Amino acid sequence: MPTLVVTNFNIVCSVLGGFITLFGLVSYLLKERFYLSEALISLVAGVIFSPHATNFIKPLDYAGGIEENLDTITLYFSRLVLGVQLVLAGVQLPSRYLYTEWKPLALLLGPGMTLMWISASLLVWAMVPHLSFLHALAIAACVTPTDPVLSNSIVKGKFADKNIPKPLQKIIIAESGANDGLGYPFLFLALYLIKYTQDGGAGQPGGASKAMGYWFGETWGYTIILSVVYGIAVGWLAKEMLHFAEERKFVDRESFLVFAITLALFITGTCGMIGSDDVLACFVAGNAFTWDDWFRLETADDSLQPTIDMLLNISVFLWFGAVCPWASFRSNDVIPVYRLIFLGILILLFRRIPMIFAMHKKIRQIEEFQQAAFVGFFGPIGVSAIFYLYVSLDFLNQVTVDGVIREDAAHLQEVMRVVIWFLAICSIVVHGLSVPLGKLGYHFPRTISQALSSDREEDEPDLHIRRSQHFSQPFFRRRRAKNKGNEGASDRQPSPAVFWIGKPETPREEAEGELRRPVHFPDDTPTGAQTPREPNRPIHYPIDTPPDETRTPAERDVGERGQDMEMSKMDRPVNSSGGQGITWKDESTKEP
């Protein structure tokens, strides 16, 4: 007889496939209309399917009931997603971007990351009871890098295309890609000092000199510099090989499109085997791979890479929702829940925003106040923080005394699990809801005022944001121009609302567009077709206009009104052949 085979594999396939299928049916509505990120939606779905709710997904069962195995699974899953994401981030940057924009990137990755690390450390140290500053440095290092997975949900899509200038999008992508791999020096400076100096270096002799030796030699030399060299070499070699194969028609279209994904898997695996920084190597390799912009332009209209990217993002945040220690946020021995909530608010406000405001005038892509506020706020904490959390836990497992994890290391592990997971969840929720809530706050007062008002001002903006010829101009300038240009017009259409971050990308083109306006004829233009309607203007003909003294009254009348008019026979000038019509004198054909 047929029997039900309710195994974990069948359940996971059913739940994952069913959720992605249902999400796909309404994905455009959720992402492009409501501006909800797929990370937030997947996280909520993971909580629903987790042992905390329906118990469809059982992460601990998949790990054989061993907590360390579950940590290893989460670490490797995060590595995989970051590797693919960072190769794609490097590929989508313009040609030679890291070389041409090295100055703003150096500011963001050098003093910028240092200030973020220090400010986050001070906040953690102040809010977590009985925590040493060295432990706070280790915790803050995990949340210092901005997450490329969550950043993509901000700089891609309908909202970004309408409201975020392209240069600003590129610098956010480049920063989030590079600083993920550069989190290692900040983290391991604290971890090495904890290992060799705290508790008198019990079980780990050597002191601070040994810690600094490891930090300079192993972290900077072997982890960072080697990963950069390896990424450049692999990316350049992959580019040349693909060029060679494509020129000789050795590669088919499917293999060509998936090449960047397979490159990410190769670098993640090989860097993992040699123990280097696979995250940084993937980003550098992606940028070197598209150094000449050839691959990026060839795959610009293809959807295979974004599709794989979406599947990985949904899967990893679904997993995060299932494995997150939700219960420990409420009941733990390291920090009360009210302090934890307050810490999350402080980190979101003061970890990154002050640094961006202090440096934004030296970064040409972040010139204005609203741009600095946007870049400062949208520095999300996500997959990279969880990755560094489990890297830290694996390192602290090796800080032992007589085969047992040292007491200070065990305490730090407990604090890191609670604090870093909570900060990542806060960032996913807050940054995932910021855009829809911001747009709701932007529209709601206007909706209420228009519903209650019987007289609507003609200059009031529409309730929806749409592209227009003057979309990126500041609203007050367009409003003033309208008032000066055609005051009192009763048939004027309302102008589109503006939700633009920063200056327009091509001010010259837009300024020229202002000058080259079409002439509007009141008899031929349908009602409401132009916004606003232009006053009648003279038509300037390409031929030279004769002086007023030699022109008939009818000719002067036509020149002034700019449109054809019916003239009676007695008013029309008669030409020499006896016919009737206007005699136009072209100075260009006049004999000298």
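Each Cβ is built from the backbone N, Cα and C atoms, and glycine gets one as well.
The transmembrane segment annotation in TrEMBL covers 6-28 (among others). Sequence-distant neighbours of the transmembrane segment (6-28) (same chain, 6+ residues past either end, Cβ-Cβ under 8 Å): 38, 41-42, 45, 49, 56-58, 61-62, 311, 314-315, 318.
For 25-436, the entry in TrEMBL reads domain 'Cation/H+ exchanger transmembrane'.
Annotation comment: TrEMBL describes 35-53 (among others) as transmembrane segment. Sequence-distant neighbours of the transmembrane segment (35-53) (same chain, 6+ residues past either end, Cβ-Cβ under 8 Å): 15, 19, 23, 27, 59-60, 149-150, 153, 157-159, 310, 313-324, 326-327, 382, 425, 428-429, 431-433, 435-436, 439.
Per TrEMBL, the feature transmembrane segment maps to 73-93 (among others).
Within its own chain, the transmembrane segment (105-127) has Cβ neighbours under 8 Å at 98, 133, 136-137, 139-141, 143-145, 171, 174-175, 178-179, 182-183, 186, 335, 339-340, 342-343, 346-347, 350-352, 354-356, 358-359, 362-363, 379, 419, counting only residues six or more beyond its boundaries. Annotated transmembrane segment per TrEMBL: 105-127 (among others), in sequence order.
Marked as transmembrane segment by TrEMBL: 219-238 (among others). Packing against the transmembrane segment (219-238) from elsewhere in the chain are residues 90, 181-182, 184-185, 188-189, 192, 259, 263, 266-267, 270-271, 274-278, 280-289, 291: each is 6 or more residues past its ends and has a CB under 8 Å from a CB in it.
Annotation source TrEMBL lists transmembrane segment at 258-289 (among others).
Residues or ranges marked as transmembrane segment by TrEMBL: 310-329 (among others). A Cβ distance under 8 Å defines the sequence-distant neighbours of the transmembrane segment (310-329), meaning residues of its chain 6+ beyond its ends; these are 16, 19-20, 23, 38-40, 42-52, 57, 59, 70, 74, 77-78, 80-81, 84-85, 149, 152, 337, 340, 383, 386, 417-418, 421-422, 424-425, 428.
Residues annotated as transmembrane segment in TrEMBL: 335-351 (among others). Below 8 angstroms of C-beta separation, residues 116, 119-120, 123-124, 127-129, 143-144, 329, 377, 379, 381, 415, 418-419, 422-423, 426-427, 430 of the same chain, each at least six residues beyond the ends of the transmembrane segment (335-351), sit close to that stretch.
Positions annotated as transmembrane segment by TrEMBL: 372-391 (among others).
Same-chain neighbours of the transmembrane segment (418-437): 34-37, 39-40, 43, 124, 128, 139, 142-143, 147, 150, 153-154, 159, 317, 320, 324-325, 328-329, 332, 334-335, 340, 343-344, 347-348, 377-378, 380-382, 385-386, 388-389, counting only residues six or more beyond its ends whose CB sits under 8 Å from a CB of the stretch. The transmembrane segment annotation in TrEMBL covers 418-437 (among others).
If you look up TrEMBL, you'll see 476-592 marked as region 'Disordered'.
Annotated compositional bias 'Basic and acidic residues' per TrEMBL: 505-523 (among others), in sequence order.
Annotation source TrEMBL lists compositional bias 'Basic and acidic residues' at 548-572 (among others).
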